[in-house]
Amino acid sequence: MADRAAASTPSTPLADLAAAVPGGRLVGADDGRGPDVTGVTLDSRAVARGDLYAALPGARAHGADFAHDARAAGAVAVLTDAEGERRLRAAGQDLPVVVAPDPRAVVGDLAARVHRTGTHRGDGPGPLLLGITGTNGKTTTAYLLEGALAAAGRTTGLVGTVETRVAGEVVASARTTPEAPVLHALLARMARAGVDVAALEVSSHALSLHRVDGLVVDVAGFTNLSQDHLDFHDGMEDYFAAKASLFTPERSRRGVVVVDDAWGRRLAQQASVPVTTVATAAGTPADWTAEVAPDGVGPTGTDFVLAGPDGARLLLRAPLPGAFNVANTALAAVVLLEAGLAADEVVGGLSQAGSVPGRLELVAPPAAPDGTPLAALPRVLVDYAHTPDAVAAALAAVRPSTAGRLVVVLGAGGDRDRGKRGPMGAAAARAADVVVVTDDNPRSEEPAAVRAAVLAGATSPGGRDPLAPPAPATVLEVGDRARALRAALDAAGPDGTVLVAGKGHERGQEVAGVVHPFDDRDEVRAALAAAAAGGSESEDA
């Protein structure tokens, strides 16, 4: 973190860290103690004075090859494996080295020791930790938690996909769950800032790659599980096992699990920490159940009753439409209860929680100074949906409040799970009236090839959703994403809805290794302004 060198960070002798590494050895510390360490980093470009530089083996390079840069920036020692040690000596590097059989597996624990956080916090200050995992809904649930806690008067922290916040100060997020040294430095920063409670998104990558090592969350929450990240995990069982590892004594103290799907029910049975269950699906037994009244469903959210033990009944509102957001809100409520908040704090706090960037985010059309729309234009919502289940759920959420045609704009990410591309297209074509297939983040792949996989599913969807009209969806291919958005507005008409899926809050589009500035919300605003001025543009497939 940028403030590590300036902060009053405690120091830890390198020998003490080496002694904590199973099978580790300390090399090059002539006094047997080594230098004092005040931070840990995996990135040679982010080294601060006093850091232990963790030089890990990678797919393309070994971190030991960048030790010279780390030393120049102030690193006082290196953590690496035997191959890293060999490379360091061959390069003439003479920094003290802690050699570990698997340095990635110990870096989280060492970072916790250095920062006095997580499992090594002792009696020191630090926030209560609420960790949320699952395929879809992590960000929304974490935002609801943080917003409700802030409304209840707590000093809060947030670590997640969109951003990281420390007592109200925004810190950029590079990934859903940061690497362990960054996470522990963040927790130390939160402790210094007086943060009471922090909400963390915990990805399956984080659980598999030791990013949350050295950490035990006080309450873990599970949203759902569906196909995603199978480019990384060896099938759904491996993906589930990664998520389930959060619900063990090594990683959490207690759990709250949504049991609407079979994976959630299985997790509730096999978790090795105490678990409280939540259900929104009718007829699913659980400790807490959400009951939605027929008149409780609206275009901007859902009113429901959360019924629990001993006759408890909480009147809640999901601040976004869709059944999945009822589940997210119910999960947030029970996590807050398990964290010690009173029922009235939970109800009041959630009622004041703000919107979530890029999650069914309504893009306001151009309007006159008095708020009157300048033209009759379709409703446009931007959402991060990038899995088959998420696409289906988002479309189901907006269909009931759509008077005209429902249009979805979507693509699929390159260099990611290829198996979900066709199912995403099929989910879109089953539920929407018009599907505009475009580029998402092609990354290093040929954009047309990624689109072709989505199109294959969209043109063979295998039926129609019960909520959708029986006529099959019209499928268009418009590679340029900005033009695709304009084509979608034309296709929707003034009483229609456009769902822009896939990128949500993202502010760039990665093509061939270059991230170009691109924010769906800004592009939609420009397209709406052009349409209001009579300058809309359509493009045929």
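Glycine is treated like the rest: Cβ placed from N, Cα and C.
The domain 'Mur ligase N-terminal catalytic' annotation in TrEMBL covers 37-113.
Feature annotation from TrEMBL assigns domain 'Mur ligase central' to 132-335.
GLY134 (ATP binding site) carries neither a helix nor a strand DSSP state and counts as coil. Look at TrEMBL and you will find GLY134, THR135, ASN136, GLY137, LYS138, THR139, THR140 tagged as ATP binding site.
For LYS243 (N6-carboxylysine), the number of other Cβ atoms no farther than 10 Å from its own Cβ, over all displayed protein chains, is 25. The secondary structure of LYS243 (N6-carboxylysine), as reduced to three states from DSSP, is helical. Among the features that TrEMBL reports, N6-carboxylysine is placed at LYS243.
Positions annotated as domain 'Mur ligase C-terminal' by TrEMBL: 379-504.
The Cβ neighbour count for ASN441 (meso-2,6-diaminopimelate binding site), using a 10 Å radius over every protein chain in view, is 25. What TrEMBL records for ARG416, ASP440, ASN441, PRO442, ARG443, GLY502, GLU506 is meso-2,6-diaminopimelate binding site.
Distant neighbours of the motif 'Meso-diaminopimelate recognition motif' (440-443): 386, 410-416, 450, 481, 502-503, 506, 509-513; these residues of the same chain sit at least 6 beyond its ends, with a Cβ under 8 Å from one of its Cβ atoms. Taken from TrEMBL, the feature motif 'Meso-diaminopimelate recognition motif' covers 440-443.
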Within 10 Å, the Cβ with the most other Cβ atoms among the binding-site residues THR135, ASN136, THR139, THR140 is that of THR140
Counting only residues outside GLY134, THR135, ASN136, GLY137, LYS138, THR139, THR140 in the same chain, those with C-beta within 8 angstroms of the ATP site's C-beta centroid are ILE132, THR141, GLU201, THR223, ASN224, ASN328
Comparing the Cα of LYS243 (N6-carboxylysine) with the Cα atoms of the binding-site residues LYS138, ASP440, ASN441, the shortest distance belongs to LYS138
The predicted model's mean pLDDT over the domain 'Mur ligase C-terminal' (379-504) is 97
The DSSP breakdown of the domain 'Mur ligase C-terminal' (379-504) into helix, strand and coil residues is 52 helix, 24 strand, 50 coil
Students should find that the Cβ of GLY137 (ATP binding site) has, within 10 Å, a number of other Cβ atoms equal to 27
DSSP says THR140 (ATP binding site), in three-state terms, is helix
